[in-house]
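Chemist: Questions regarding the structure given below will be posed in turn.
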Amino acid sequence: MKLLLLNILLLCCLADKLNEFSADIDYYDLGIMSRGKNAGSWYHSYEHQYDVFYYLAMQPWRHFVWTTCTTTDGNKECYKYTINEDHNVKVEDINKTDIKQDFCQKEYAYPIEKYEVDWDNVPVDEQRIESVDINGKTCFKYAAKRPLAYVYLNTKMTYATKTEAYDVCRMDFIGGRSITFRSFNTENKAFIDQYNTNTTSKCLLKVYDNNVNTHLAIIFGITDSTVIKSLQENLSLLSQLKTVKGVTLYYLKDDTYFTVNITLDQLKYDTLVKYTAGTGQVDPLINIAKNDLATKVADKSKDKNANDKIKRGTMIVLMDTALGSEFNAETEFDRKNISVHTVVLNRNKDPKITRSALRLVSLGPHYHEFTGNDEVNATITALFKGIRANLTERCDRDKCSGFCDAMNRCTCPMCCENDCFYTSCDVETGSCIPWPKAKPKAKKECPATCVGSYECKDLEGCVVTKYNDTCQPKVKCMVPYCDNDKNLTEVCKQKANCEADQKPSSDGYCWSYTCDQTTGFCKKDKRGKEMCTGKTNNCQEYVCDSEQRCSVRDKVCVKTSPYIEMSCYVAKCNLNTGMCENRLSCDTYSSCGGDSTGSVCKCDSTTGNKCQCNKVKNGNYCNSKNHEICDYTGTTPQCKVSNCTEDLVRDGCLIKRCNETSKTTYWENVDCSNTKIEFAKDDKSETMCKQYYSTTCLNGKCVVQAVGDVSNVGCGYCSMGTDNIITYHDDCNSRKSQCGNFNGKCIKGNDNSYSCVFEKDKTSSKSDNDICAECSSLTCPADTTYRTYTYDSKTGTCKATVQPTPACSVCESGKFVEKCKDQKLERKVTLEDGKEYKYNIPKDCVNEQCIPRTYIDCLGNDDNFKSIYNFYLPCQAYVTATYHYSSLFNLTSYKLHLPQSEEFMKEADKEAYCTYEITTRECKTCSLIETREKVQEVDLCAEETKNGGVPFKCKNNNCIIDPNFDCQPIECKIQEIVITEKDGIKTTTCKNTTKTTCDTNNKRIEDARKAFIEGKEGIEQVECASTVCQNDNSCPIITDVEKCNQNTEVDYGCKAMTGECDGTTYLCKFVQLTDDPSLDSEHFRTKSGVELNNACLKYKCVESKGSDGKITHKWEIDTERSNANPKPRNPCETATCNQTTGETIYTKKTCTVSEEFPTITPNQGRCFYCQCSYLDGSSVLTMYGETDKEYYDLDACGNCRVWNQTDRTQQLNNHTECILAGEINNVGAIAAATTVAVVVVAVVVALIVVSIGLFKTYQLVSSAMKNAITITNENAEYVGADNEATNAATFNG
């Protein structure tokens, strides 16, 4: 019976950020799966009858299983191959009859599960096969064997009509759980064939061949003395990482950090023991290492050897305290090609330490936490494997929209999940596309509610796009709701969106929370009455109820994959670790010394699928059913009945004890008070050295160690030999002081004690500052303004008094120089009088960066703005002065004393300037006096009254004729009152005048434009404002910015409109065009053929003037700044420009013998390979050099002969007879030749003399002669190929 074999790899590891896809496998993604996600792909072979289901997202662990069936003479055989590309074997070495053979690296192998369709229970009538709609696609239900209940395929078939052309839609497990495949892969037989040819046939058993170069940064932040030695010893394992090009150590000492560069060979205990980490948070070290690694990775120096270029930075952080700041792993490390691996000593499993350390990592299995000395070896081994695997070459993460498969090809995930519509996978482009392609089928609809309108967004679901009135939340912690969502006219209500604690807060209490209407964040409201207490073991936890009461409950453990459907397994909490584990239900034994490490428990066909445990011979076991624990603290381990549930162990210098009353364990220190200290049998050793040594515990043993500075005791020093005997040595007279190089002198004190002092030479004229500056490690040690020293003759060292150094200072010629002091940006501005006024913007040192002052009063009465202040002094109330600053300024970084971005620093100076604008307030403004020398306050209504002869009043900042005036204007034409008297009776009438209410504003516009244009040539004048009569009375100035939008047909030369109207001159604003065509309109860019997306091309604006005086412009390529046609560095490479980055890409020219020399036979070509000549770039033949196994020469006809190097009578290639005329014999000449050139010349001479028409042979040797001469000219010492593998592979005959 033909079986459908579904081979699934159940992996649990971290995924590359590139491969993080939303989980789509309902059954296998019960948790976060170690922060990674499941993703994989199905493929089928139509001809060879195998199925492949392999996980790609777990790259670089490239691992999958093939099951293939073949039928020979009616006998069917199926073989299973487990393949891991990081560690393949030769295909011819595979024993196909051994189906249990697994030739992967064991450390990267994963459990395999086999699923089968139960064809006996599948209807033979296709019409009876049930169809099911799964994710918008019609699938068919098939019975399956345990642990499956059913499998759903997208093809209808029976056992008689089954086909290989199907996709899996879903798997239903016994118990109700299922795996749903939410997208479907395109069938692609070519992909499988290529994979089979290029991957399974790869025969190199080399772990590191696919690893990239890296630089290793190790940050020492673990100070616990009980584990330091083990760490230093085990870190030597990292020296096996062959692609590490350098190592840098980072560590704290007091308030200073230090770095040390070592080679990979020096990464061992003897080197690391010299450097001890000081206490403190390692945050600054991480930032320094990050910057150092980013610089190395970004270094693309053209003169650097390609074999030495760093592709990925690797940072190892050793820490035992929580970080002081948070890091964003993706932006700060991943995108800079830096992988961070953390090794955390967390004895008490403090969640704060775990949480802060996890913020550093995101790629691969990079987090390693341990609690004691006995876990160091396993932790560093896991670290080594994680680093090695992570150094595997990957696809370009910026170009690949999917992720990498085992051949570094870009493909897409199995789970192309989209919450809003159905998807399918396009394996050619590596992207997930909507399904069906023409009209994607919606997965979720989002109807409107009384809150507002909704739309579906991937990973978010239905989200509000537009709130109805009263529904917009006022602050973040409020959420709108309605009593009846379907009533679209109901008024929204607001409620707090704050959840109470489910677990106690860090202070140990349960809290409820309420919404803070001021900040928008949830704040603590009510605290529980009592602190959480009462836990007695690691398998208990605190929980909070709705009344903020705390209680203790046992941890509930749930079985995880692949154990869920395995009835023999149960989920148990490990009392030692507090972690849930999947264990066999009958396994109640734990080892306690003896010759075995555990009991043998099984649950399979051999035990009738029942759980059964057998003790191993010579094993010592404790049975938890009998309340037994193992006591390892004595001479030999032994089981004992105890109220405690944890084994009693030693961890370094700590011993775990049990309090039988409270049923809890506690730690106590190892007692070393009885350890004896031995001194040499002389008259000084014990007297001088006794106070400097004491007993202590180190790595679980009582040892004697120094407790003070034993290098300076009396007039000598103390040391402990390999026999642990302490001896005093008197060496004062041979010592030199650390500073000043003064001789030591032994003196006796008043208390009869001796000391070695280093008094200054009496003949020396140097001061303490001079002496100490030479041996100081401080920056700028000789600058006595900030550093003063005192020489201490007792120690021969110096004490320094350090004053705070100036901000933004550097050391030049031995002195601190302030780089930002008195720096100012010089600026000019043209004011209303048409004159240029100079002003200065000071620069300040902020966070060690010299930036323009962040706030400036542009009308300040100071030295920077004095002239502008005086100009506007008469009417400053009507002047709006604006300080323009870069939009890239980060206020948060500024307040947190962090540096600004590089982008900000590039534009900061250019973007800092002041602008001035005169405004009108209550019909008063600032205006030039008639002499145009200064400004004064002007009452516009008074001016109107004066000019018009009628009374004006201010209304809404517009001057209108007094509404009580009898003669109101008509269409803004002013009327005056005419009084006539006749017979003593006065009559009042209105008379038209030539004046209008627009006259004043028209004059303002005219004067402003005249002042702006005066004395300037080539000023573009496009008017964008005019006066408009409103309501017969008012005549304001109305601007029309539409006139300032660049008309595609109007050419203003190398100037372009900005779309803004100047509020003073009422003329359109222009920007000057120099070298940035993006500022110009698309019309003129297209006309000049500008390619904005081509970084290889730089442009310049060229202006011309026609005979009619019309100015036009065009964009020309700036040849000096462009990189359109880069030149190759030598004839054997081509040079092209990357249009995205503008950088030059150099590609080596390649050639093959069969293409360049088509008449050469494979046998002749066996001795030669093709390469490019650096003289002229032509293809030339090069003869192979000798190797350890092969020796090459030519016979008289030029035929290639390959000989066994150890037995030169044995020819390794096919022998070809050479037939030449009898009188020609140049074998002796060839044998005597010492270079390839001489050999070839001898052969050619023979052939020319004979002239027997052997054209192919002649072409071979004549070409070879040309090459030999070329090679000789280039390099007198001829170098052949490196190995016979290359020799055999490069000729393509």
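The backbone N, Cα and C atoms fix where each Cβ goes, and this holds for glycine too.
Checked Swiss-Prot, it gives:
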type: SIGNAL; residues: 1-15; note: signal peptide
type: TOPO_DOM; residues: 16-1234; note: topological domain 'Extracellular'
type: CARBOHYD; residues: ASN95; note: N-linked glycosylation site
type: CARBOHYD; residues: ASN198; note: N-linked glycosylation site
type: CARBOHYD; residues: ASN234; note: N-linked glycosylation site
type: CARBOHYD; residues: ASN261; note: N-linked glycosylation site
type: CARBOHYD; residues: ASN377; note: N-linked glycosylation site
type: CARBOHYD; residues: ASN390; note: N-linked glycosylation site
type: CARBOHYD; residues: ASN468; note: N-linked glycosylation site
type: CARBOHYD; residues: ASN487; note: N-linked glycosylation site
type: CARBOHYD; residues: ASN643; note: N-linked glycosylation site
type: CARBOHYD; residues: ASN659; note: N-linked glycosylation site
type: CARBOHYD; residues: ASN992; note: N-linked glycosylation site
type: CARBOHYD; residues: ASN1204; note: N-linked glycosylation site
type: TRANSMEM; residues: 1235-1255; note: transmembrane segment
type: TOPO_DOM; residues: 1256-1293; note: topological domain 'Cytoplasmic'
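Would you situate these features in the structure and describe their surroundings?
Modeler: All protein chains considered, the CB of ASN234 (N-linked glycosylation site) has 19 other CB atoms within 10 Å.
In the structure as shown, the Cβ atom of ASN261 (N-linked glycosylation site) sits within 10 Å of 10 other Cβ atoms.
In three-state terms derived from DSSP, ASN377 (N-linked glycosylation site) belongs to a helical segment. ASN377 (N-linked glycosylation site) counts 15 other C-beta atoms within 10 Å of its own C-beta, drawing on all protein chains shown.
Annotation note: ASN390 (N-linked glycosylation site) sits in a helical segment as assigned by DSSP. Within 10 Å of the C-beta atom of ASN390 (N-linked glycosylation site) sit 22 other C-beta atoms, taking all shown protein chains into account.
A C-beta separation below 8 Å, combined with a sequence spacing of at least six in one chain, links ASN468 (N-linked glycosylation site) to CYS450, VAL451, GLY452, LEU488, CYS492.
Cβ neighbours within 10 Å of ASN487 (N-linked glycosylation site), excluding its own Cβ and spanning all shown chains: 11.
Long-range Cβ proximity for ASN643 (N-linked glycosylation site), meaning a same-chain Cβ under 8 A and a gap of 6 or more residues, is found for HIS627, CYS658, GLU660, THR661, LYS663.
ASN659 (N-linked glycosylation site) carries a strand DSSP state (E or B). Around the Cβ of ASN659 (N-linked glycosylation site), 11 further Cβ atoms fall within 10 Å across all displayed protein chains.
Annotation for ASN992 (N-linked glycosylation site): spatial neighbours ILE970, LYS973, GLN975, criterion Cβ-Cβ under 8 Å with sequence separation of six or more.
Within the same chain, residues at least six positions away from ASN1204 (N-linked glycosylation site) with a Cβ under 8 Å of its Cβ are LYS1189, GLU1190, TYR1191, GLN1210, GLN1211, LEU1212.
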Chemist: Determine, using Cα-Cα distances only, which of these glycosylation sites is closest to ASN659 (N-linked glycosylation site): ASN261, ASN377, ASN390, ASN487.
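Modeler: Minimum Cα distance from ASN659 (N-linked glycosylation site) across ASN261, ASN377, ASN390, ASN487 lands on ASN377.
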Chemist: Considering Cα atoms only, can you say which of ASN234, ASN390, ASN487 is the nearest neighbour of ASN377 (N-linked glycosylation site) among these glycosylation sites?
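Modeler: It is ASN234, whose Cα lies nearest.
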Chemist: What whole-number Å value do you get for the CA-CA distance of ASN487 (N-linked glycosylation site) and ASN390 (N-linked glycosylation site)?
Modeler: 56
Chemist: From the Cα of ASN390 (N-linked glycosylation site) across to the Cα of ASN234 (N-linked glycosylation site), what is the distance in angstrom?
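Modeler: Just about 20 Å between their Cα atoms.
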Chemist: Give the distance between the Cα atoms of ASN390 (N-linked glycosylation site) and ASN261 (N-linked glycosylation site), rounded to the nearest whole Å.
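Modeler: Cα-Cα, rounded: 23 Å.
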